[in-house]
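Student: This is the structure, below, for whatever I ask next.
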Amino acid sequence: MGAGACGGRPLAGAARYGLLALLLVVSAPLGLQAAEPGDGCGHFVTYQDSGTMTSKNYPGTYPNHTVCEKTISVPKGKRLILRLGDLDIESQTCASDYLLFTSSSHQYGPYCGSMTVPKELLLNTSEVTVRFESGSHISGRGFLLTYASSDHPDLITCLERANHYMKTEYSKFCPAGCRDIAGDISGNVVDGYRDTSLLCKAAIHAGIIADELGGQISVHQRKGLSRYEGILANGVLSRDGSLSDKRFLFTSNGCTRSLSLEPDRQIRASSSWQWVNETGDQVHWSPGQARLQDQGPSWASADSLKNHKQREWLEIDLGEKKKITGIRTAGSTQSNFNFYVKSFVMSFKNNNSKWRTYKGIVNNGEKVFQGNSNFRDPVRNNFIPPIVARYVRVVPQTWHQRIALKVELIGCQITQGNDSMVWRKTSSDTVGSTKGEAIPSEEIPKGINVTTVALPLALLALLVAGMGLFAALRKRKKKGSPYGSATAQKTDCWKQIKYPFARHQSAEFTISYDNEKEMTQKLDLITSDMAGS
């Protein structure tokens, strides 16, 4: 019986492979016509209580025979607000091209063609499935949708412009994900933005909100300018703009001034470039030349592009712990030296603590900032949440020809009320509330973390129990075979089971022991990281 069971495995395997091949042959023609849910989706960015979603190729023509299906949600207990910024579907009957919203108890739509579509839907649920389907068509942009929880009744879409509003002062909520939506902005955070600019995209450019989070914005309308100067900031390129009747500015937290630096005392680097010019003079691109406001060449690293064996860095000592909300960078600023840093990360620390890397909020990974695109024009990046530290380092990741930097830190002194080391979860009843994680900063914890103590004790108890079980099994094995009679063990089936099973049991104990050490090391790392927090 045992031999028969073992001998039957190859036949069963062959039957399974044959059936799989038959299914693939039968379903292949159907696969050419059926669209996978999601292949018609375009831009999609979501956070805890807001997000943005578009059809594929938006604002270009959406593709034929596609389906986009996504489930979006906000925290339980909240109602979901949907706002359609744009809907352009060719079909007039919604038979093959349509947009549909479905919850557990209601259906909204389908919507298509020239039918009247509500600009906003306030649903009696916290979750809805969005389905966009297309058949054969010639034109149509598809859709752009934003959503948020009922905490944000003043939600707007990524397509709203300042000239859509008549009030001189107003407040709106921008969803996550507006940075990469097509549409121009003109101006900058200092002089203001042309009133034809997209509001949420301008707010990201100004450093008022982060694209991955969204947030509340407060806008002030003012008399327009004859010309608007555009710059690159926070991954958004603002274009130069012409005369307009009105412009708008954002209300900020006031922590936006330049932090003064002493070049000889506060700035140092991993290396610096020295060379001899045609007249025999030695030229030194030292760290002291890294201040953005200073004329002349910048700091440059000693190594050439191909010889970097370790990370180069430029370090700034602010003298005391300060709140740093942004940084402006430039390249060499010299036309005959086309050097600049294209991307970088930030590290920071305080007295007697370890260096830590600034991380993103959503994915908690090392955040890489977009740097300069030429040797001349400054670029600004904001830190949301801010860095609270005394020492900071700019660590270049990619560069053009040679690492060269001029920098200016933006921020303010720490005062009572703005020195919070933790980005606390705000009340769910607060309009504009945002849930988040720890602010990048350094602070010694004031108490013992219960998890840090409990986890090692629990793991130790499991280890002792495992050792006891292992000892009992070995003792039992000495008294007799746990696998049956000697005759049974001579069959092929028992041979297949016995030895791998014995090895697996031993390996399992060894793995558990290694994991115990590994977990202890991880806990030590977490504990040391928290001690540096």
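Cβ atoms here come from the backbone N, Cα and C positions, even for glycine.
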Student: In TrEMBL, C68 sits in a disulfide bond; tell me which of C41, C94 is on the other end.
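Tutor: Of the candidates C41, C94, the one TrEMBL pairs with C68 is C41.
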Student: Which entry in the list of disulfide-bonded residues, C41, C68, has its Cβ near the fewest other Cβ atoms, using 10 Å as the limit?
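Tutor: Ranked by other Cβ atoms within 10 Å, the disulfide-bonded residues C41, C68 bottom out at C41.
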Student: What is the three-state DSSP composition of the domain 'CUB' (41-150), stated as helix, strand and coil residue counts?
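Tutor: Breakdown, helix to coil: 0 helix, 58 strand, 52 coil.
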Student: What counts of helix, strand and coil residues does DSSP assign across the domain 'LCCL' (152-248)?
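Tutor: Secondary-structure composition of the domain 'LCCL' (152-248): 11 helix, 38 strand, 48 coil.
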